[in-house]
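Student: Take a look at this one; I'll ask things after.
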């Protein structure tokens, strides 16, 4: 007897429908999936997207590197073994720089485009890496990290939007999820780099990892000007011929008469025209309709939850967490850090390919419930070790922290893809920047407060996260809306209900108005019952 995976019950009025095997939905029609590896232009586009994915690799490199540097004796000696408030400010300085950058970012990438945002952010990051590598004192190191955060937030707010808006609809969710998941590729590299530099008997044990942080930014900066601009941004700027050319070149192999290309262009054009007509592109518009209020509530929640699930302790204060259970050897600490990042890397990339099969809501629920259970377990272990230290408890702590990482990392890549897809174009840049603001604000709080709280309370501080994780479970269960299998311009129906415009029909109307033959796409019209029959 086969056991089928059934997602938890939901109160959603509209639910996504699974397309037939080997097909995908677009504009209410069913299209056969294309073999991207057999199409030269699409293959090249995906290579560019892989380069864009490196933006989060650079971010992940920093988080893991800062964790590893604290286990290096030369770094500790050079900067006077910072603890408490100084260590908290040291770790939080990059987040503070990011918060400053967020003020300007949505206006920059809506005004000048997604590509320019990526390029400017990379240039600033390269400058910051130079300052950080050559730092002569902790003040210079902190200044470099403030600058690094400023550039990083521009890159991280631009690149996922560009990926989502140039990717072929059949693979969009997977590619944007890989972008979010790639944080752990950088964390993996940095964890083993710092493990290796432990053997360098000079200040290059910490300067070298800082310098290597520039590699991803250099690669991205070299290739960004060869990549296509977002056709959605071009449509919004009334540069429609350029937008159609991008769709036809990259998604249609230079065939502007391709049925799917014409339908995709028409749907994007219609959705953006509707946005302009309604004039819903200001910050206040997040609160004017029930659908937008739900969107901003979800984005705020998942942004804060991404950093307030106890992971901040593991990302930036793992050394001190392990010190509290007797694991004080630097090589052991760096080895555990590297092992966790390796596992996270494999897991994240694996789950990215199942984002549509599993669904957004089940992934969030599995992750949140699992982290709640495992965080409670290693809190108990830490409490028992404080009462009666035993080696067995230290080993149990390692096991629990690895399982915590497994559950937490299930959802790591989903946040970027989910946020970009639930927002209409007019609010997408602002909404994504708001997500990054929530993440960065939570990071800044964590990085600054965690150092002070760990010094004062030690393991008792973990209880705060145990309580907060229980709240997360309730919010995820009742608020997350399932959106799988659905093109970006059509997700509005899950949030706006009967008020949402059928973008598929609007696209067909636009094609007829332009004199485009719609008989080919009309033949692809399937009813839900027909879809279900085909799927059996």
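Keep in mind that glycine also has a Cβ here, set from the backbone N, Cα and C atoms.
Not measured: the values here are computed from a predicted model.
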Student: Given 45-66, 243-264, 265-286, which one carries TrEMBL's transmembrane segment label?
Tutor: 45-66
Student: TrEMBL tags one of 17-39, 431-453 as transmembrane segment - which one?
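Tutor: From TrEMBL, the annotated transmembrane segment range turns out to be 431-453.
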Student: For the transmembrane segment (141-163) and the transmembrane segment (86-109), decide whether they are in contact, meaning at least 3 CB pairs lie under 8 A, counting pairs 6 or more apart in sequence.
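Tutor: Answer yes: the transmembrane segment (141-163) meets the transmembrane segment (86-109) with 3 or more Cβ pairs below 8 Å.
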Student: Quick test of the contact rule: Cβ under 8 Å, at least six residues beyond the ends. What residues does that give for the transmembrane segment (116-135)?
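Tutor: Residues 52, 55, 58, 105, 108-109, 141, 143-145, 147-148, 150-159, 162, 207, 210-211, 213-214, 217-218, 220-221, 224-225 contact the transmembrane segment (116-135) from elsewhere in the chain.
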Student: Out of 45-66, 206-225, 338-355, 431-453, 459-480, what stretch is closest in contact terms to the transmembrane segment (175-194), meaning most Cβ pairs under 8 angstroms?
Tutor: 45-66
Student: For the transmembrane segment (362-381), which stretch among 86-109, 338-355, 393-410, 431-453 has the most Cβ pairs under 8 A?
Tutor: 393-410
